[in-house]
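Engineer: What TrEMBL records for this protein is below:
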{"type": "DOMAIN", "residues": "14-335", "note": "domain 'Adenosine deaminase'"}
{"type": "BINDING", "residues": "His19, His21, His199, Asp280", "note": "Zn(2+) binding site"}
{"type": "ACT_SITE", "residues": "Glu202", "note": "active site, proton donor"}
{"type": "SITE", "residues": "His223", "note": "site 'Important for catalytic activity'"}
{"type": "BINDING", "residues": "Asp281", "note": "substrate binding site"}
Amino acid sequence: METIGEKTTTTAPPVAELHLHIEGTLQPELIFSLAERNGIDLPYQDIDELREKYEFRDLQSFLDLYYANMAVLQTEQDFTDMTCDYLKRAAAGGVRHAEIMMDPQAHVSRGVALETCVNGVAKALATSNEDFGVSTLLIAAFLRDMPEDSALDVLEQLLDMNAPIAGIGLDSAEVGNPPSKFQRLYQRAGEAGLRRIAHAGEEGPASYITEALDILHVERIDHGIRCMEDTEVVQRLVAEQVPLTVCPLSNVRLRAVDKLEDHPLPEMLAIGLNVSVNSDDPAYFGGYVDDNYQQLVKVHGFSVPEQATLAANSIRSSFASDERKAELLEEVTQWVKESLPPQ
Ligand SMILES: [Zn+2]
């Protein structure tokens, strides 16, 4: 769709992807080829049968399949191949910087060594800028439906092995697992100099956002869309410009919103929240970050300037160096010039 006259464009802007689970990039084709490589029997006959399961009722129904499919990830090479596949596709869609979450507990609990999953992903990230033009950071995400002591144990192992992680995150089943459950984990991460982010306000209430900020001292909120239910929380997020890494297609596919037309992102942008657009688990939710942008243009008529604001928010909210941020913000400026109709 090329509708420059309406100030929209088919190409998404250069962005930083800040909310991406690397295990959520496992495409069905790769699941089947890794299963064959590792001699793993899958409970599906073919890719079509697997894809039929991608109809989710809620976050948990997705997580059940997300964790089950990880069974094919056994060797360092498996993790490297998965990460390279994502970086190649993300780069094609305009991603220039990616801060990638991985769930180490989901792998060590399957008998995969911590070094295997960490080194496998890290090997792909080490040359991502040269290979794909994407600068990257790795974030260890911890499972909130497991005990805090399990997370603390894995974090200590990551620190002991000097794992190349920039920060920690908190994901998995949100309701009933409030951020306050992980106060010691986040205190330890802060003492170790790690950046801190957390999922909050996806299915959980706006109060989880407040807990993540005041008890875990996070710098970014993953999702955060349920802030819109609490005026005071919204006012604080606007005043403090707390980054919210929103995932529109994910919210539709996990039924956090009924359809994209109902998504609060346009209002969130309009009232001055510091929002970015991300793909979350693109292999499961029908699109990479550029597909999210294109759906937002199609359904909500996001203009070139609005897309540029979202892109600039993603870059400014990243943990990239100031030099890298300036470089990417200049690319967004150039994208706007190329996307707007000639004066
Ligand atoms: Zn997520």
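Just so you know, glycine gets a Cβ as well, placed from its N, Cα and C.
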Engineer: Counting only residues 6+ away in sequence within the same chain, which have a CB under 8 Å from the CB of His223 (site 'Important for catalytic activity')?
Structural biologist: His19, His199, Ala200, Gly201, Glu202, Leu244, Thr245, Val246, Cys247, Asn251, Ala256
Engineer: Does anything in the same chain, at least 6 positions from Asp281 (substrate binding site), have a Cβ under 8 Å from its Cβ, and if so what?
Structural biologist: His21, Glu23, Gly24, Thr25, Phe62, Tyr66, Ser250
Engineer: Tell me which residues of the chain lie with their Cβ under 8 angstroms from that of Asp280 (Zn(2+) binding site), as long as they are six or more apart in sequence?
Structural biologist: His19, Leu20, His21, Gly24, Cys247, Leu249, Ser250
Engineer: Filter the candidate list Glu202, Asp280, Asp281 of recorded positions, keeping only entries whose CB is under 6 Å from an atom of ligand 1.
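Structural biologist: Close enough to ligand 1 are Asp280.
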Engineer: If the Zn(2+) site is taken as the center of the Cβ atoms of His19, His21, His199, Asp280, which further residues of that chain fall within 8 Å of it by their Cβ?
Structural biologist: Leu20, Gly24, Met101, Gly169, Asp171, Asp222, His223, Thr245, Cys247, Ser250, Asn278, Asp281
Engineer: Identify, among the binding-site residues His21, His199, the residue whose Cβ has the fewest other Cβ atoms within 10 Å in this structure.
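Structural biologist: Result for the binding-site residues His21, His199: minimum number of other Cβ atoms within 10 Å at His21.
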Engineer: Counting every protein chain present, what is the number of Cβ atoms, excluding its own, within 10 Å of the Cβ of the residue listed as 'active site, proton donor'?
Structural biologist: 23
